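As structure tokens, the structure follows; a few thoughts come after it.
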Amino acid sequence: MARQKFERNKPHVNIGTIGHVDHGKTTTTAAITMTLAKAGGAEVQNYEDIDKAPEEKERGITINTSHVEYETENRHYAHVDCPGHADYVKNMITGAAQMDGAILVVSAADGPMPQTREHILLASRVGVNHIVVFLNKADQVDDPELLELVEMEVRELLSEYGFDGDECPVVVGSALKAIEEGDDQCILDLMKAVDEYIPTPERATDQPFLMPVEDVFTITGRGTVATGRVERGVLHVGDEVQIVGMKEEIGKTTITGVEMFRKMLDEAMAGDNIGALLRGVQRDEIERGQVLAKPGSVTPHKKFVGQVYVLKKEEGGRHTPFFNGYRPQFYFRTTDVTGSIALPEGVEMVMPGDHIDMNVELITPVAMENNLRFAIREGGRTVGSGVVTSIVE
């Protein structure tokens, strides 16, 4: 049978399975593909196919992830499943696999466990705002009161980390039964809940314009050009933009031309690599590391709290721990900025392989917002990967 080409006729959503080890994340993923395959919305993926996740290198960090795609009547999904707990931690902090929402798999027989809590916390930190709960292995629980108790526990846990524990859908069932006995109503219910509860993300082109500046040069007689890849939004000739970062004050200019592949355009959009001609800006007034942005959409900051994964020695990271006051480079978008680290109270040092919250103060401000990813580098090599969880000032 010929492969159908990817039709973009449905909204696209990225999701993933999260939860404690052995609660059935991968089995649930397999059950979803089998159930949706009956309606022609997926190719069947067995547990083994998903479980032998290929190793991927994301910014030098080794992560095992399985990517599965499927569709319901309403949407097209890309679904990520990780075999190991460490893979989840790395995945969520580095943003290797973006998630618009998540399916939290909890064994009804065991209830919430330590990694259940940790994954919920991570999801809340990295901007996954919607979680649908699947209480798996319900066939192993004879007492309906016990099921209610577990559901209550999970809802309380979600509320504790800022999710809407009262409103989020909880679907009860057995992924294994769905696979082995074709008893897949619970999976249909689960996907209906995902369809209805996890909102379609705002497309990158609908967000306010932002382009990190990669290079700057002068065209004689025309002015200064900043080049880079448009991260989000749309830019039109004649738009006013701000120049943000690397300095305390915010610059302002008007776009007098947009060029792509040596052709002049009227507009550029998210994903385009462009050169933007800036009115009245001198060559030395703009530099790599700044961003061009829609006025008022992003501001420069020096102090923030970040959730960071510290690379292990085997991943090319440090061989030794670091301590309070450590001063590496923080790589945001297109440039390195030196910053100093303050560790949480009671934490003496950070070992390679740890993940931790840290307070950072940069020596120059960077255009920054929550959920912005960064790398920590030392002498040009990456030693950590992080995400901004809150801006201090």
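The backbone N, Cα and C atoms fix where each Cβ goes, glycine too.
Note that the coordinates shown come from a computational prediction; the quantities given were computed from them, not determined experimentally.
What Swiss-Prot annotates here:
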BINDING   19-26, 81-85, 136-139  GTP binding site
BINDING   T26  Mg(2+) binding site
DOMAIN    10-202  domain 'tr-type G'
REGION    19-26  region 'G1'
REGION    60-64  region 'G2'
REGION    81-84  region 'G3'
REGION    136-139  region 'G4'
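In the three-state DSSP assignment, the secondary structure recorded for H85 (GTP binding site) is helix. By the criterion of other Cβ atoms within 10 Å of the residue's own Cβ, the least surrounded of the binding-site residues G19, D22, A138 is D22. K25 (GTP binding site) carries a helical DSSP state (H, G or I). The local packing around C82 (GTP binding site), expressed as other Cβ atoms within 10 Å of its Cβ over all shown chains, amounts to 24.
With every protein chain in view, the residue among the binding-site residues K25, H85 whose Cβ has the most Cβ partners within 10 Å turns out to be K25. The distance from the Cα of T26 (Mg(2+) binding site) to the Cα of C82 (GTP binding site) comes to 8 Å. Neighbours of the residue listed as 'Mg(2+) binding site', defined as other CB atoms within 10 A of its CB across all chains, total 24.
In terms of DSSP secondary structure, the region 'G2' (60-64) contains 0 helix, 4 strand, 1 coil.
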